[in-house]
Every structure is written in structure tokens, then in C-alpha cells.
Amino acid sequence: MNVEQVYKDANALLEGHFLLASGNHSSRYLQSAKVLEYPQKASLLTDALAEMIRENGIEVDTVCAPALGGVIAGYELARSLGVRSIFVEKKESGMELRRGFEVSPGEKIIICEDIITTGGSALKAAEAIEALGAKVVAFASLANRGFCKRVGGSNEAKSECKLPKDVPFFALEDFTFEMYTPEECPMCKEGSTAIKPGSKG
């Protein structure tokens with residue numbers, strides 16, 4: 001499957017001048033919400049991700065996603081794997097289970113996101129789950145922004161990657177875009193103004 005083409009077909013791979021959450025700028029942006037608005041495309045992607053996880057012998061009881069961005073991807077991956085789906089939500093520091101969700105000691109959990117950049121949110125989700133006695137057996141995402149090394153990927157982990165090195169990370173594709181500080185951004189130097197994509201438009 002050509003994952004990049006699936007994103008392009010769904011208008012989920014944007015080109016322009018973007019202000020990222022990190023404060024850096026980029027000429028490309030992944031908007032996974034656009035690819036996930038089509039249940040058939042979401043199923044296609046998570047079925048492929050589930051197959052990778054199975055092929056690597058990962059046993060899992062539950063998929064847990066950080067809200068909000070990971071919820072649909074996590075739910076669909078759980079469906080593809082035939083297990084239950086839960087999510088954690090932000091609190092003042094870190095994340096927590098709410099809404100009556102529970103995990104058991106030793107329960108095998110995969111943390112799933114739509115996109116993993118440095119893995120910061122996924123790591124906070126893992127810490128919340130492991131504090132309750134469950135075991136995180138893998139991290140997964142549809143797309144990897146290239147800071148973390150995925151199973152089968154050619155990219156090496158960069159210093160910004162927050163995922164633990166001893167837990168496998170599965171993703172369908174590496175999307176490595178150039179990022180610039182505002183001071184070094186060539187688009188800014190040409191007079192362009194960065195726009196903030198994501199939840200507000």
C-alpha cells in the first residue's frame with residue numbers, strides 16, 4: 001500500500017507554509033483527521049498496521065490512545081486487532097484514564113496515535129497506563145514524522161525522540177519534512193506568513 005498516496009488522495013498531506021506546535025515552520029503538514037474522516041480508509045490503514053504488529057509476535061489485550069488526536073486511530077487499530085479500545089485524557093501534568101476506563105495489572109497495552117512526531121504524548125499516555133500496573137508492549141501510529149525509529153524503517157532515532165528504545169514502535173510510513181526555526185525559515189525570508197494548521201482550520 002502506498003500510504004503517502006492515501007494521505008494525498010484524502011487531502012491530508014498539505015503543502016504551504018505552516019507553523020507547527022513546536023514553534024518551528026515547515027512547507028508540508030500531515031492532517032491525519034482528513035484521512036480518518038473516511039472509515040474505509042481508516043480501516044485500510046489500521047488493518048495494515050495490525051498485520052505488522054501480528055507479524056512481529058506482539059501480544060496485546062487493549063489499545064490505548066491519547067485524546068483527542070489518537071482516539072479514532074486507536075479505536076480502529078483495536079478493531080483490526082480484535083481487542084478493546086480505551087483512551088487517556090490530559091490533566092495538569094501528564095494524562096489519566098477517566099470515564100470509567102480501567103486496566104488490570106499486567107494487561108498488555110499498545111499506545112496508538114494518528115501521528116508520532118517526538119512521541120511526547122504517547123510517552124505520557126504510557127506513563128499513565130503503567131502507573132496503574134499495566135504493561136506497554138508497543139507504540140503504534142499511522143504516520144511517523146521521522147524523529148523516532150519504527151520497526152522496519154530506515155530512519156535512525158533522533159535525539160528529540162521521547163519513546164523508550166526497548167519498546168517497539170510500529171508505523172506505516174516515515175514522513176520526514178524539513179523544519180526550520182522562524183529565524184532560519186526560507187519561506188519567511190521570502191515574505192510568506194506561516195499559518196497554524198490543525199484543530200482550528
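Here the Cβ of each residue, glycine as well, is placed from N, Cα and C on the backbone.
The 5-phospho-alpha-D-ribose 1-diphosphate site recorded in Swiss-Prot includes GLU113, ASP114, ILE115, ILE116, THR117, THR118, GLY119, GLY120, SER121, and the single candidate from LYS90, LYS91, LYS189 that the record places there is LYS90. Note: the CA-CA distance between ILE116 (5-phospho-alpha-D-ribose 1-diphosphate binding site) and ARG145 (orotate binding site) rounds to 6 Å.
Of the listed binding-site residues, namely THR117, THR118, the sparsest Cβ surroundings within 10 Å are found at THR118. GLY120 (5-phospho-alpha-D-ribose 1-diphosphate binding site) counts 16 other C-beta atoms within 10 Å of its own C-beta, drawing on all protein chains shown. Each residue contributes its Cα atom, and for GLY120 (5-phospho-alpha-D-ribose 1-diphosphate binding site) and ARG145 (orotate binding site) these two points are 13 Å apart.
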